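Novice: Shown below is the structure under consideration.
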Amino acid sequence: MVAIKRLATVDADFKAQMDALLAFEAAQDEGIERTVIGILADVKARGDAAVVEYSNKFDRLTASSMADLELSKAEMQKALDGLPADQRQALEAAAHRVRVYHEKQRMEGWSYTEADGTMLGQMITPLDRVGLYVPGGKAAYPSSVLMNAIPAKVAGVKELIMVVPTPGGEHNQLVLAAACLAGVDRVFTIGGAQAVGALAYGTEAVPQVDKIVGPGNAYVACAKRRVFGIVGIDMIAGPSEILVVADGSSDPDWVAMDLFSQAEHDELAQSILICTDAAYIDRVQASIEKLLPTMPRREVIETSLTNRGALILVRDLEEACAIANRVAPEHLELSLADPDPWVAKIHHAGAIFIGHYTSESLGDYCAGPNHVLPTSGSARFSSPLGVYDFQKRTSLIKVSKAGAQTLGKIASTLAHGEGLPAHAKSAEFRLEN
C-alpha cells in the first residue's frame with residue numbers, strides 16, 4: 001500500500017503538518033556550483049574552442065569545430081518531413097493552438113496628449129535575440145520547444161537560437177521537427193553549462209542573446225542563475241506540482257491518474273488531493289493502489305507520493321480554496337460538479353484546470369496556454385511564460401514648450417530638495433523666466 005499522507009484540517013496539528021508538507025528548498029550543490037563557475041569562465045575566455053571541448057567530453061562526440069555542432073534549416077525540415085503522419089498532425093495541431101492562444105497576449109503601445117501638448121506613452125518592442133535551451137537525449141520534450149519558441153516568435157523576436165545536447169550524437173527528430181514548426185532560426189547541438197555560457201557571452205559561432213529560456217538539469221539551472229544580469233532568464237523551475245480540489249463527483253480513477261501525471265516526473269514532484277468527502281478520498285486511494293502496478297514509472301510515482309504527496313480532508317470548498325491559495329501550485333484542478341463559481345476564489349496558481357474533462361496533461365501538450373509555469377509557491381508572485389516575457393516596455397515622454405514651464409518648476413523644487421542641483425538646473429534652463 002502506498003504510504004501517502006492523510007491530513008485533515010480538523011487536526012490540531014494541521015498547520016504544522018502542512019508546513020512540513022510544503023517545506024522544500026532546492027539543494028545548492030557546491031560541487032555543481034564550482035564546476036559551473038569553471039565552465040562559464042572557460043567559455044567566456046576561449047569561446048568556441050571551450051564549447052567544442054566540453055561537448056566532446058560530456059556528450060561523447062568527436063567534433064573538430066562549431067561547424068560540426070550546428071544543424072541547418074534543411075535538417076530541421078527533414079526531421080519534420082520524416083515524422084509518421086500521426087505525430088506530425090499532432091505536433092502541427094498543438095503548435096497551431098499554442099500560437100492562437102499566445103497571439104492574444106501580444107502587448108500594444110499606447111500614448112495620450114495633455115492639454116498643453118505634452119505627449120506621454122509606452123512603446124512595446126520585442127527582444128532582438130533569444131536562446132532556447134532544450135534537454136537532449138531520448139527524454140527530450142518537443143512540447144517544451146513549442147511552449148518556449150512560439151511565444152517568442154509571436155512577440156516578434158528576430159532571432160531564436162536553440163541549443164540541444166545530443167549525447168552520443170543522437171538527434172531527437174521530434175524536437176527538431178518542433179523547432180521547424182515553431183520558427184527556430186538556428187540550432188546548435190550543445191548543452192550543459194557550456195551552452196548557457198555560449199548564449200550568455202557569445203562565441204565566434206554562437207551570437208550573444210538577450211534572454212535564455214527553457215528547462216535543464218542542475219548544471220543548466222545553476223548556469224542560468226550565474227549569468228542572470230548579463231542576460232535575462234525565464235525562471236528556475238522546481239519540481240512539478242499538481243493540486244486537485246475535489247467534491248467527490250468525478251471518477252476516482254481520473255483523479256488518481258491526474259495525481260500520477262505529475263508524480264511520474266521525478267521523486268521530488270508533489271501531488272496533493274484536497275476533498276470535502278472522506279469516503280471519496282478512500283476511493284481515490286483505492287484507485288491509486290489499483291492503477292499504480294500498471295504504470296511503467298510506478299517506482300518513481302510511489303516514491304513521489306510517499307515523500308511529498310497528501311490526501312487532505314477539508315470542511316468545505318471555501319477551506320479547500322484557502323489551502324490551495326496557500327500552496328500556490330503549478331497546476332490546480334477544480335474537479336467539481338459546478339467548478340465555475342470557485343475559479344474566482346483561486347488567487348495563486350500557475351494554471352487552473354476547470355471541470356472533470358480538463359486533465360492537466362491537455363495543458364501540458366495542446367490546450368494552448370503555456371506549460372512553463374511557476375513552481376514552489378512562486379505563483380504567489382509569478383506568472384506563466386508568455387509573449388510578454390519576450391517584449392519590453394519603453395516609456396515615451398515628449399514635453400511641449402508650455403509643459404516644460406509647469407513641469408520644470410516641479411522638477412526644480414524636488415531636485416533641490418534631494419540635493420541634486422544639476423538636476424534642478426537642467427529643468428530651470430528651459431524655463432522662460
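Cβ from N, Cα, C; glycine included.
Relevant sequence annotations retrieved from Swiss-Prot are reproduced here:
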BINDING   Tyr133, Gln194, Asn217  NAD(+) binding site
BINDING   Ser240, Gln262, His265, His331, Asp364, Glu418, His423  substrate binding site
BINDING   Gln262, His265, Asp364, His423  Zn(2+) binding site
ACT_SITE  Glu330  active site, proton acceptor
ACT_SITE  His331  active site, proton acceptor
Novice: Tyr133 (NAD(+) binding site) to Glu330 (active site, proton acceptor): how many Å between their Cα atoms?
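Specialist: Distance between the two Cα atoms comes out at 21 Å.
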Novice: In the three-state scheme derived from DSSP, which category covers Asp364 (substrate binding site)?
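Specialist: The three-state answer is helix.
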Novice: Highest CB neighbour count within 10 A among the binding-site residues Gln194, Asn217?
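Specialist: Of Gln194, Asn217, the one with the most crowded Cβ is Gln194.
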Novice: Compile a sequence-ordered list of residues in the same chain as His265 (substrate binding site), six or more apart from it, whose Cβ lies below 8 A from its Cβ; state 'none' when nothing qualifies.
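Specialist: Correct list: Pro239, Ser240, Val300, Ser304.
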Novice: Rank the recorded positions Glu330, Asp364, Glu418 by the number of other Cβ atoms within 10 Å of each Cβ and report the first-ranked residue.
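Specialist: Per the Cβ count, the most surrounded site is Glu330.
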Novice: Write down the Cα-Cα distance for Glu330 (active site, proton acceptor) and Glu418 (substrate binding site), rounded and given in Å.
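Specialist: Glu418 (substrate binding site) to Glu330 (active site, proton acceptor), Cα-Cα distance: 44 Å.
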Novice: According to DSSP, collapsed to three classes, what secondary structure does His331 (substrate binding site) have?
Specialist: strand
Novice: Who sits close to His423 (substrate binding site): which same-chain residues at least 6 apart have their Cβ under 8 Å from its Cβ?
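Specialist: For His423 (substrate binding site), the qualifying residues are Ala411, Ala415.
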Novice: Would you mind checking how many other C-beta atoms are within 10 angstroms of the C-beta on Gln262 (substrate binding site)?
Specialist: 26
Novice: Any idea of the Cα spread of the NAD(+) site, Tyr133, Gln194, Asn217, as a max distance in Å?
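Specialist: Largest pairwise Cα separation, rounded: 13 Å.
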Novice: Which has the fewest other CB atoms in a 10 Å radius around its CB: Ser240, His331, the listed binding-site residues?
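Specialist: With the binding-site residues Ser240, His331, fewest surrounding Cβ atoms within 10 Å: Ser240.
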